[in-house]
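K.L.:
Structure incoming, see below.
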Amino acid sequence: MFYLSTFMTIVISLSLVSCSYDCNNPGFTCHGECHYYGSCICNERLTGYDCSVLKSSLSTGSDCKVTCQNNGRCYDGNKCLCSSDYTGHLCEKQTTGARCTLDGVVFEAYRPIGFDGETYLSQSRSCKLLQSESDVPGMIKFERKIFHGDTSMCGLKKHMDMPNAGDITYEADIYSTFVYNSWGTRDFVDNVKCQYKPTRVGLSMDAPDSLFPIKMSARDGASSNVQATTQSAPISLLFSPQNIPDVKGAMVDYMEVYSINSTSKEYKSVVAVKNGCAQKTEYNVAFDNLDELDPVTSTWIGLVKMQAFIIFENEPLLFNYRLRFCPDRCSKPTCAAPAVSQAPSTAV
């Protein structure tokens with residue numbers, strides 16, 4: 001993110017955010033207003049993470065005939081309104097979780113109808129969860145069993161005496177991407193564990209940024225990790241694939257630059273890269289979509305060159321992007337001469 005101070009210095013801070021629901025992703029529904037950040041904003045009559053239930057239908061006490069789990073809320077007397085992290089009739093199933101068996105861990109993922117991406121263990125895209133018969137209406141189910149003794153690249157991480165003496169914990173990081181063979185800012189990572197106790201429990205939680213398959217950084221001519229620069233100064237955005245051994249190249253397929261007015265909540269955005277081709281914007285900022293070889297990792301990393309610019313005074317520039325993964329250096333698309341883009345989109 002580029003921050004502009006009153007001294008015309010642009011400060012840079014880059015981060016990734018993971019969430020299990022984003023109404024902008026294919027398959028997810030929103031019966032309210034889908035916010036740019038991915039949350040579904042309900043009107044005064046609706047509730048739920050996707051605004052799918054009338055508040056007037058919520059049931060309490062003797063009016064409710066079922067026991068909802070995992071903080072689910074009863075409605076219509078016999079149904080459960082789940083959070084985005086759970087599904088099933090009683091909210092008893094995690095959208096990304098595990099069943100702990102005597103000889104292995106069965107990873108499970110429930111995705112909405114319309115999901116056309118991939119769900120796989122972080123070790124390799126070849127460790128995909130495979131589609132199976134779903135036991136939740138309206139959801140696609142993916143699963144994969146990994147045996148405790150598996151020594152392949154899909155093998156589990158094993159921890160002895162964790163969290164308590166005598167316990168054994170197996171874990172894996174599950175990547176979920178909504179576009180095949182790519183990674184974007186609206187995709188997410190879950191850390192899934194099986195803790196072997198007298199009763200076996202599967203746990204899932206958001207993974208830290210260090211586990212994401214992309215590391216984003218910025219540099220200028222003088223620094224490889226630039227923290228501040230002036231308006232119109234040249235900036236290079238670097239996108240390095242990490243944690244995926246069978247990926248040796250990455251290139252930006254789509255990148256959008258946007259900013260939000262913290263007072264009015266208005267946002268404006270411009271598309272800088274589309275289908276791998278740099279776009280011309282009304283801010284007269286030139287973008288170049290390239291790649292370069294990292295001599296340390298022998299990996300081709302995505303590289304977007306641009307100039308620092310302002311959308312809203314004293315507000316940061318933010319980035320929404322999607323990268324294409326390749327087993328070697330990515331081929332470059334054939335791009336036509338860029339045309340002047342339309343006025344930036346706005347929303348309140």
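Note that Cβ sites are derived from N, Cα and C of the backbone, with glycine treated the same way.
Values in this document were obtained by computation on a predicted structure and should not be read as measured data.
Relevant sequence annotations retrieved from Swiss-Prot are reproduced here:
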SIGNAL    1-19  signal peptide
DOMAIN    60-92  domain 'EGF-like'
DISULFID  C64-C74  disulfide bond
DISULFID  C68-C80  disulfide bond
DISULFID  C82-C91  disulfide bond
DOMAIN    99-342  domain 'ZP'
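Could you place these features in context, so I can see how deep they sit and what lies close by?
P.N.:
For the domain 'EGF-like' (60-92), the predicted model reports an average pLDDT of 92.
All protein chains shown were included, and the count of other CB atoms within 10 Å of the CB of C74 (disulfide bond) stands at 21.
Around the Cβ of C80 (disulfide bond), 22 further Cβ atoms fall within 10 Å across all displayed protein chains. DSSP assigns C80 (disulfide bond) to a strand.
Sequence-distant neighbours of C91 (disulfide bond) (same chain, six or more apart, CB under 8 Å from its CB) are C68, Q69, N70, N71, G72, C80, C82, S83, listed in sequence order.
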K.L.:
Who sits close to C64 (disulfide bond): which same-chain residues at least 6 apart have their Cβ under 8 Å from its Cβ?
P.N.:
C74, G77, N78
K.L.:
Give me the count of other Cβ atoms within 10 A of the Cβ belonging to C68 (disulfide bond).
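P.N.:
The Cβ of C68 (disulfide bond) has 20 Cβ neighbours within 10 Å.
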K.L.:
Need the DSSP three-state call for C91 (disulfide bond) to compare against my parser.
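P.N.:
Assignment for C91 (disulfide bond) reads coil.
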